[in-house]
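Q: As annotated in Swiss-Prot:
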ACT_SITE  His33  active site, proton donor
BINDING   26-33, 144-147, 181-184  ATP binding site
BINDING   Gln57  beta-alanine binding site
BINDING   Gln57, Gln150  (R)-pantoate binding site
Amino acid sequence: MKIISCIEELRDHLRGQLRTAFVPTMGNLHDGHLSLMRLARKHGDPVVASIFVNRLQFGPNEDFDRYPRTFQADVEKLEKEGVYILFAPTEKDLYPEPQEFRVQPPNDLGNTLEGEFRPGFFSGVTTIVLKLFSCVQPSVAVFGKKDYQQLMIVRNMSKQFALPTEIIAAETYRAEDGLALSSRNMYLSAEERAEAPALFKSLNAVANEVRSGHLDIFQLERQAMADLSQRGWKPDYISIRKRSNLQPPSAGDMAQGEKLVVLAAAKLGATRLIDNLEI
């Protein structure tokens with residue numbers, strides 16, 4: 001595996017490749033990330049991964065400096081997965097001057113759910129993804145469904161900018177007890193880790209109610225948040241949305257069998273967890 005930080009060197013190595021598959025990450029890789037590499041390999045060759053902790057997507061009170069950096073361990077994992085190039089730029093490589101041009105997702109996608117609680121987050125995400133796409137110029141890129149809103153926004157960005165990159169969605173990788181794998185799970189205490197699967201159980205309970213014909217989504221959302229609060233969580237949202245555009249479904253949508261997804265974000269102790277489940 002080649003480790004490259006220079007954009008021009010990366011382009012030189014990839015010039016002439018017909019179907020490069022790309023997986024962007026912020027490092028601290030776990031089995032969920034590695035499942036993305038395997039899916040990428042099914043859709044393209046060579047596989048390029050990136051590791052870059054993107055300052056632009058962290059808010060002023062978020063954990064940029066605290067975010068775990070495990071570069072050498074990440075390298076070993078990627079080598080075992082047969083990744084061809086690890087693109088590991090420095091901030092100076094990607095931001096040689098202040099990034100004054102930013103991508104701004106549309107309000108109905110970018111300022112709801114995560115965007116409401118993390119202002120500017122999706123602008124930071126889409127700006128770095130667009131820049132990484134420019135560097136790698138992939139035919140396909142793999143994003144996990146765990147970050148469902150991010151996946152939808154990147155997919156829409158790629159479509160609306162007519163980028164020659166197909167966005168592939170990977171299923172959420174879960175521990176045996178249902179907890180979605182996340183780099184932030186390492187912040188959980190042993191007691192919190194034992195409680196953490198309750199978030200996915202809550203999503204399943206909501207989904208089962210919808211499947212059984214319960215159409216009062218606001219009541220379902222309120223009850224699910226109240227149940228988590230009673231267990232010691234601090235929920236930001238549990239919200240049922242249309243898969244197509246992440247807007248709340250109307251009564252007509254519900255009656256006509258619109259495809260839905262229920263999304264959640266909640267703090268357990270000091271750790272904020274997100275998850276979702278398609279209905």
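Including glycine, each Cβ sits where the backbone N, Cα and C put it.
These figures come from a predicted structure and were not determined experimentally.
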Q: Whole-number answer please: how many Å between the C-alpha atoms of Gly144 (ATP binding site) and Gln57 (beta-alanine binding site)?
A: 17
Q: What's the CA-CA gap between Gln57 (beta-alanine binding site) and Gln150 ((R)-pantoate binding site) in angstrom, rounded?
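A: That comes out at 12 Å between the alpha carbons.
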Q: So, in DSSP terms, is Gly144 (ATP binding site) helix, strand, or coil?
A: strand
Q: Given a separation of at least six residues and a C-beta threshold under 8 Å, show me what packs close to Gln150 ((R)-pantoate binding site) in the same chain.
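A: Sequence-distant Cβ neighbours: Glu114, Phe122, Val125, Phe143.
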Q: Within 10 Å of the Cβ of Ser183 (ATP binding site), how many other Cβ atoms can be counted across all chains shown?
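A: Excluding its own Cβ, the number within 10 Å is 17.
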Q: Can you count the other CB atoms that lie within 10 A of the CB of Leu181 (ATP binding site)?
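A: Counting Cβ neighbours of Leu181 (ATP binding site) within 10 Å gives 17.
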Q: Could you state the CA-to-CA distance between Ser183 (ATP binding site) and His33 (active site, proton donor) to the nearest Å?
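A: Cα-Cα, rounded: 10 Å.
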Q: Do me a favour and check the Cα-Cα span between Lys146 (ATP binding site) and the residue listed as 'active site, proton donor'; whole Å is fine.
A: 11
Q: Under a three-state reading of DSSP, tell me whether the residue listed as 'active site, proton donor' is helix, strand or coil.
A: helix
Q: Translate the DSSP assignment of Gln150 ((R)-pantoate binding site) into the three-state scheme.
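A: Once the DSSP labels are grouped into three classes, Gln150 ((R)-pantoate binding site) ends up as helix.
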Q: Give the number of CB atoms, excluding that of Met26 (ATP binding site) itself, located within 10 Å of its CB.
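A: Around Met26 (ATP binding site), other Cβ atoms within 10 Å: 17.
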Q: What is the total of other Cβ atoms whose distance to the Cβ of Gly32 (ATP binding site) is within 10 Å?
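A: Its Cβ has 21 other Cβ atoms within 10 Å.
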